[in-house]
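Asker: Shown below is the structure under consideration.
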Amino acid sequence: MTKPYGSSLDDHLDAEVAREPSLADTAATIRALAAAAIDVSETVGRGSLAGDLAAQGEHNSDGDVQKALDVIAHKRFMQALEEAPVAQVASEEAEDVVTLKAGAPLAVAIDPLDGSSNIGVGMVVGTIFGIRPVTPGEDPNASFLTPGTTQTAAGFVVYGPATTFVVTLGNGTRIFTLDRTDNVFRLTHDAMKIVPSASEYAINASNVRHWDGPVKSYIEDCLRGSEGPRDRDFNMRWTAALVADAQRVLIRGGVFLYPGDNRKGYAQGRLRLLYETAPIAFLIEQAGGGATDGQGRILERVATKIHERSPLVFGSTEEVECVAKYYDGRQPSAGRSPLFGQRGLMRS
């Protein structure tokens, strides 16, 4: 159902619960996350006036050096979730699952601060989350070792020129923008539909020498533009913040790629399945797009550990399908072009 622009996130959640009463706990959890996001947005917006938010501290669960803002965001979201109907939280900033309310119905996977490398230079950062039902039993990890299709909701926050809250409860994807006059998230993009094709891709091209054949071939053909097999010119974008690239794809289409590569520890890429790729995949699919790991649908993947990684390709359906053709052999393999050959501008 189309909703009036400018209506609040609270109004939207009320309508979703009226449509599906079983979503009441999910809606309450989203309200808590949105309140925390407003607080984090205020801190991000102050920049260096809030202190050295890029100051390095300890290492997180994945071995990355934590920045001061990573710790601030993690703490604020955990405080918010303590007041929500949440039993367990899997956070990028915690090695193990954190148990909150025993007997509560939901489990939340969250990256409190996506795009940490952007903190010190005033660029976009964000938050990503996915909400799932609790799996009964004594193992706190069990709730997260299920397919992404079990998510009841997913969302991300973009802390940029505007603060946006992008969310789905399985009934379409919507963008709410923070109105700073009253600190309320208001609807600005309703029931989004990703265009099926667009001439824009996002990838970190500095890793070209590490990519496998299908990715090299796909990007090579995009670079050839109107003179190559794609018959049109492409633009490349890369922000080093998954949330920013995801929001751009939602609004104007295109494709995002973070593939696995041949660097040590990167066979499954760098993004984490539970609190990065699965939530983004849910949002993208709910907007009519596609999301794959190159071999299959992201939402059908089942994590075997909390911080498991996953390759990710998402965006306009025709482009995602095009990438899939390179992976399954329906397009020629890499190594046929001087662009990525031994004598080319970009050596493999």
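Even glycines carry a Cβ here, placed using N, Cα and C.
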Asker: Select one of E227, E276, E285, E300: the residue that Swiss-Prot places in the Mg(2+) 2 site alongside D111, D114.
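Answerer: Record source Swiss-Prot; matching candidate: E276.
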Asker: Let me know which member of E83, E92, E138 Swiss-Prot also records as binding Mg(2+) 1 at the site of D111, L113.
Answerer: E92
Asker: Pick from D111, N204: which of these binding-site residues has the biggest number of other Cβ atoms within 10 Å of its Cβ?
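Answerer: Going through D111, N204 one by one, the largest Cβ count within 10 Å is at D111.
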Asker: Compute the centroid of the Cβ atoms of D114, G115, S116, S117, N204, then list the same-chain residues not in that set whose Cβ lies within 8 Å of it, in sequence order, for the substrate site.
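Answerer: Nearby residues not in the site list: N118, V125, A240, A241, L242.
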Asker: State the Cα to Cα distance, in Å, between D111 (Mg(2+) 1 binding site) and S117 (substrate binding site), rounded to an integer.
Answerer: 14
Asker: How far is it from N204 (substrate binding site) to L113 (Mg(2+) 1 binding site), counting Cα to Cα, in Å?
Answerer: 19
Asker: Sort D111 (Mg(2+) 1 binding site) into helix, strand or coil using the DSSP assignment.
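Answerer: In three-state terms, D111 (Mg(2+) 1 binding site) counts as strand.
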Asker: Would you mind reading off the Cα separation of E276 (Mg(2+) 2 binding site) from S117 (substrate binding site), to the nearest angstrom?
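Answerer: Each residue's Cα considered, E276 (Mg(2+) 2 binding site) and S117 (substrate binding site) end up 16 Å apart.
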Asker: To the nearest whole angstrom, what is the C-alpha distance linking E92 (Mg(2+) 1 binding site) and S116 (substrate binding site)?
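Answerer: Their Cα atoms are separated by 12 Å.
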